Ligand SMILES: [Zn+2]
């Protein structure tokens, strides 16, 4: 009898859990492969366990053995909608509580969904190739045979070989390096002693340079990027300190960051000890560093306390957004926290409109059936609906009590993988004295009902109103003679200003043309440029197609390219052009982004 499955998106079974993996790998840029071996330490958690189920995707497995004896093990491959289920037959007589080491010799495919290989011309300096991984949600299985589920956590160690002159970094501590290991090879050794889910495995390799920002913080990037990054993120230690004040001691030892090439599909990825960041954050004025606060907070919510399956992903993202904005409030004032929360609601509204308000994907806890890829339902819903839910709960229990709860929640569930039930049970126990007040909470409705949140939180809209009033006045203007765009807004307020215009049924051409002439050239802030260009498309101003195409092809962050491509394609006469632009640049985008864009464009 095989054990119970632990996650609809994984083949892993409850009766045999991987607790450590040891990688010994070579990164081959010419072949676009990573090859070598992984040795899994598997804890036997049931009686008479004879099968180990692993996930894989596009891997070729050359040998499977018991690591200690070298005895060959039988491996049966079965295709699933989300990759491969590898059934490895274990020897008889393994006792419950014992562990066994299984070694797999394997190679990845050049098409591995979790790796992006960049030719030298796709990097900033254009001299060396570059590669980076993105394992969230279920791409670790394209890098190594593993139990690719957040339900289990593993420590790991790794030996990585790169071509000489290139450096490898991982979501782990570098413990040894030999830049001249013979045969034109550099060798790096890593250790991650805090157990992590597989989606937090991360590798980056290329020509990388670093700047120290504090005793425990360092930023990495390509030459030409690293100094800009050091300036932009100089205050990271202050943010880390503010997060510790809210959530307790930082346990990961180091907080390093790496700024990736422009095709990185996300704003940031909270890989432990090495946050991955998009270069679109380098606005030159530190105005977008809230993304770094977000990734820092994941060091507690997500990386220490982890949602056990993708159905409970809001426990990672909703908590992180909620705490990120608390920290923003402490650093920049209460009104900024409320402004960010309001702006978050706009993002949520966009997602709900995109999927449709009855779509099950807009529920806080969406259901997965084993064929749905979490990437396909990725949206702001777990972030913003989750954060709204916690904001609502805070309005009932009070801010100070909620802060106290957050610290205790982290202590209670650190190093564990939990479900929404675990959260609710702990929350109601913690607030047993407020049971009467908590009776009003419609827990199941919050979790399962699609669409916008069932309770509308009251955010302080002082800063919002200033921005939206200005936007209404601005869009009604017909004469821009002598007018200057100078409202004294913060970046977030300016974002709200544009989003208010984007929500209108239609926008007239004149004000948008004015923005393109007077505002667009004066800002290198990607959030602002993205919105001004979106307004151009909303106003059907095809005369700015070129600027839109430049923006769409100069970076691959999905937050920008997905909605802007959709708007671009919707403009009368542009549909064919959008497809052409996408096809011509498809190889520049990350696999995940390219797949989503193709879907968005109906290809
Ligand atoms: Zn996040």
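Including glycine, each Cβ sits where the backbone N, Cα and C put it.
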### Query
Which one, 317, 332, is listed by TrEMBL in the same Zn(2+) site as 294, 298?
317
#### Entry: Across the domain 'Peptidase M1 leukotriene A4 hydrolase/aminopeptidase C-terminal' (462-601), average pLDDT on the 0 to 100 scale
96
### Message
For ligand 1, list the binding-site residues among 134, 266, 317 whose CB atom is within a distance below 6 Å of it, in sequence order.
### Response
317
### Task
Using the recorded Zn(2+) site (294, 298, 317) as reference, state which further residues of the same chain have their Cβ within 8 Å of the centre of those residues' Cβ atoms, listed in sequence order.
270, 295, 297, 301, 302, 316, 319, 320, 321, 324, 383
## Note on the structure
Candidates 294, 295, 317 (recorded positions); nearest Cα to residue 134 (peptide binding site) turns out to be 295
### Query
How many other Cβ atoms sit within 10 Å of the Cβ of residue 266 (peptide binding site)?
22
### Summary
Lowest 10 Å Cβ neighbour count of the binding-site residues 134, 136 is held by 134
### Cβ neighbours of residue 383 (active site, proton donor) where a neighbour is any other Cβ within 10 Å
25
### Message
Which recorded positions are spatial neighbours of residue 268 (peptide binding site) here, meaning Cα within 10 Å, out of 294, 295, 298, 317?
### Response
294, 295
#### Entry: C-alpha spacing of residue 270 (peptide binding site) relative to residue 298 (Zn(2+) binding site), in angstrom
6
